[in-house]
Amino acid sequence: MFEGLRYIWMARKGAFCRVRYCMWVLNPFYVFQVFSIALWLTDSYYYYAACIVIISLISICVSLYEIRKVSDTRRLLPCLLSKCLCSYLQHLSSVELVPGDCVLIPQEGLLLPCDAALLAGECMVNESMLTGESVPVMKTPLPAAGGRYSPETQRRHTLFCGTQCIQAKGGRPGRGGAIAVVTSTGFFTAKGDLVSSILYPQPINFRFYQDAIKFLLFLGGVALCGTVYSIVILSRTNTTWWELVIRALDIVTIVVPPALPAAITTGTIYAQSRLKREGVFCISPPRINISGKVSLFCFDKTGTLTEEGLDVWGVMEGSGAGFSELVPDPRLLPQGPMLSAMACCHSVALLGGQPLGDPLELKMIESTGWELEEPAGDDKTLDSEFGGHRVLAVMRPPACPLQSESVSIHEAVALVQRFPFSSSLQRMSVVTVNPEGQSSLAFIKGAPEMVASLCLRESGMEERGRQSEETPRVNYHVERDMQFLGLLVMKNLVKPESAEVITTLRLAHLRTVMVTGMKHNLTIINISHGHRGPQYLCLVPYLLRKVLFVILQFIAPCLSQGLYQGVINYHLAINGKSFSALCDHFPEYLPKVLMRGTVYARMAPEQKTQLVTELQKLNYRVGMCGDGANDCGALRAADVGVSLSEAEASVASPFTSKSDNISCVPLLIREGRCSLVTSFSLFKYMALYSLIQFSSVLILYTEKTNLGDLQFLFFDMVLVTLLAIVMGKGGPSTELHPQRPPASLLALPVLASLTLHTLLLILGQVSALLITTSQDWFVPLNSTMSGAANLPNLEDTSVFDLSGYQYIIMAVVVTKGYPYKRPLYYNVVFVCVLLVLFALMSWLVLAPVPFLRKLLKLYYIPDMNFKILLVALAALNFVFCFLLEVMYAEPTLGPSSKNCPSFLEVISC
């Protein structure tokens, strides 16, 4: 062996970590915070500035701690790996491994520190932490034939970083272990790519967040207008230029509140907490809001809609005359090729005397009753028993008392060559010999259409699945002129929760699609439709000499009415080759097919990802639910990915559920809709809060006065912040409504609602000021002074009283319930806070104690009738705003997917 060419490994920008932290801290939000705090300190507004400083520092420290922790984990990832033996049997730390090094995998196995291609020997590897599949996989050496190595197409010969090698053997004659060559290390491994996708996720493209930025720019324009107005008004007084600049800039911090981004995330935080209690974990909280807009959900089949394991239903032997009757117990089969194929065509291995391998193969061997035996080390006893062939494993029939009365089997069978199953080839094959090396036979098992393409016509297998002469072969001399033996019939039961969930989604007008990498189209159709369901058209492509032929099965009267007419109740069932043919040769028809496609069978992992992407191009918000590594690409590409697996690969999905069924999907959608509506309400409330305070300040600027520091603090911290925190605690509705919530902040109803609300609020404050100035006991303020210097005065007190009520009533007005949230009274904390704040505000208006009146610099008004009139004006303001919100809120319900097809019912096959 030799030591390959070494490459220079460079740490990933480790020297720039501090700069990256600084760049993160100096994002626009925190820059605006610093600007606002500096302005408030200059204006002697110390109380609120101190509160914002404390909150911001806590937020920054927590965020930096999380980033630092992730960075430390990333830096230590290559270091926390066990040592392995390198070339020349040197002990070498795995940190020093580079592509090209040849390594010895010890016989007892190890946690693999890199991606490597197996050169000699066999390895039993547990890839559950990476793929989610709990079944150990047998890895075999790279074939001797030339060709470019690819870890994706040659997974059966690749050892992946982070997986556990349980056993290695056959790499060196006379000694244990296996030999492999390092292909990639660190973040260039499959696991490293997974970690990178978590650390640097794709940007979220969601209209709500885009409109939020645009609306902030709009508020900035409003602030500019207010700044110009305040400069004009204050310049007519004896205000100094310095004071004029401070007052003008203060308008900006009022209209664009620094707490706005934090406030609109409270609904998402509450939703994330509720999901966690239900066993659904989220690593990307913004995706919760996106889940509220999902219009189509894709489901994997095996392990997601159906049970994880398969059971043997029976065996059907084939012949030139057709198939025999179903034999429920394979032990009843006579001695012959069919029984030998079931006993020998597998990749099961022994570990500690226990068979390990694919569950399907384990079930197949168990049904035959045969026992697996492997050679121990360098023992040649089995080799000599089978004619000197190098024996990989021996299958021995059960003892006579365990055999059927009508069957008597005595001869064992040895496996001398094995080609493990490959998803790209859709089959596996083995070569066997009888005792003394007689009767060499080759067996193949795999997809029916692939096996059919390798069998003779006269062997009885229907030619529907025959492929072209370009069918890829592992070994041309072995896989030719095969005799079809029969079918092993397995059953895969549907999970009891699946039917209920699909019905719930269908009633909510959410389109459902089944995407699976297994099973034939007809099997999937049998699983997915009900007895009185729609008709299915099955697209089966044939590529022969670069000419595409498409066969439509189960057509019935559909074609006579037109394939794409909406009046026909049919679905399309498409396999992976049909999908590839459409994408490559007929892209103009792909959108039409996708609109009717409900079942996608035999889809490769990259095809699942492409399907999700193509559906997104049709303006669907796509959800994906799966449980295996072959779903990881689709889970990442989907707007909402839900993993039912506990493997490390599942963390690439935004959501991971502890339950093993799809009951979490309706829960996630309901929480998403609740969170989106809450974020919507909070954004409107914070915008209206800014506009209320903006109006108050401009009105008081006109009157040559302003709100006091503690008055600002009372509004900002006691009223608004407290209400914004508890407003989002309301839980989701118990049902899924057929219509989806709106997501656009710039829609005409929303903008019209905000505009009219602002006008009504301004009208209320102006009315309070005019009513105050019309009283006989009214005393004008000192016109020789300006701003907060002439507090207390009647103008400020009247505006303070009414605007205080406006902050409370608008929290009630914009808080939505039906049909996405539970009614307001279910949010007990919010209702209690509303009552307390209303009582506090009424106390300040009707009967304030001298201490609070002096602290807040409020003018003493002895006229109780006037105070009651202010409360009545606030109540009238509430009634008009509430009616306006009801009038404009009802039409803003989002669109539904009413006419989208769905597989109606899930039944057991």
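Quick reminder: no glycine exception, Cβ is built from N, Cα and C everywhere.
Residues annotated as transmembrane segment in TrEMBL: 21-40 (among others).
Annotation comment: TrEMBL describes 46-65 (among others) as transmembrane segment.
Averaged over the domain 'P-type ATPase A' (91-197), the predicted model reaches a pLDDT of 81. Positions annotated as domain 'P-type ATPase A' by TrEMBL: 91-197.
Feature annotation from TrEMBL assigns transmembrane segment to 215-234 (among others). For the transmembrane segment (215-234), same-chain residues at least 6 beyond its ends with a Cβ under 8 Å from one of its own Cβ atoms are 243-244, 247-249, 251-252, 254-256, 260, 683, 687, 690-691, 694, 697-698, 701-702, 745-746, 786.
Here TrEMBL flags 246-271 (among others) as transmembrane segment.
What TrEMBL records for 682-701 (among others) is transmembrane segment. Listed by sequence, the residues of this chain that lie at least six past the ends of the transmembrane segment (682-701) yet keep a Cβ under 8 A from its Cβ atoms are 212, 215, 219, 222-223, 226, 229-230, 233-234, 247, 250-251, 254-257, 259-260, 263-264, 266-267, 707, 712, 715, 720, 723-724, 727-728, 745, 750, 753-754, 757-758, 761-762, 765-766, 769, 795-796, 799-800, 803, 806-807, 810-811, 814-815.
Among residues of the same chain six or more beyond the transmembrane segment (713-731), those with a C-beta under 8 A of the stretch's C-beta atoms are 47-48, 51, 259, 263, 266-267, 269-270, 274, 674-675, 678-679, 681-682, 685-686, 689, 693, 707, 803-804, 807-808, 811, 815, 817, 821-822, 824, 826-827, 829-830, 833-834, 837, 840-841, 856. Marked as transmembrane segment by TrEMBL: 713-731 (among others).
Under the heading transmembrane segment, TrEMBL lists 743-771 (among others).
Residues annotated as transmembrane segment in TrEMBL: 824-847 (among others). Note on the transmembrane segment (824-847): residues 718-719, 722-723, 726-727, 729-731, 801, 804-805, 808, 811-812, 815, 817, 856, 858, 864, 867-868, 870-871 of its chain, located 6 or more positions outside it, place their CB under 8 angstroms from a CB of the stretch.
Under the heading transmembrane segment, TrEMBL lists 868-889 (among others).
Long-range contacts of the transmembrane segment (743-771) within the same chain: residues 206-208, 211-212, 214-215, 289, 292-293, 676, 680, 683-684, 687-688, 691-692, 695-696, 699, 703, 795, 798-799, 801-803, 806, 810, 813, 866, 869-870, 873-874, 876-877, 880-881, 884-885, 888-889, 891-892, 894, each at least 6 residues beyond the stretch ends and with a Cβ under 8 Å from a Cβ of the stretch.
For the transmembrane segment (868-889), the residues of the chain that approach it from at least six positions outside its boundaries are 749-750, 752-753, 756-757, 760-761, 764, 767-768, 771, 798, 801-802, 805-806, 809-810, 812-814, 816, 842, 845-846, judged by C-beta separation under 8 angstroms. In the domain 'P-type ATPase A' (91-197), the DSSP tally of helix, strand and coil residues is 21 helix, 39 strand, 47 coil.
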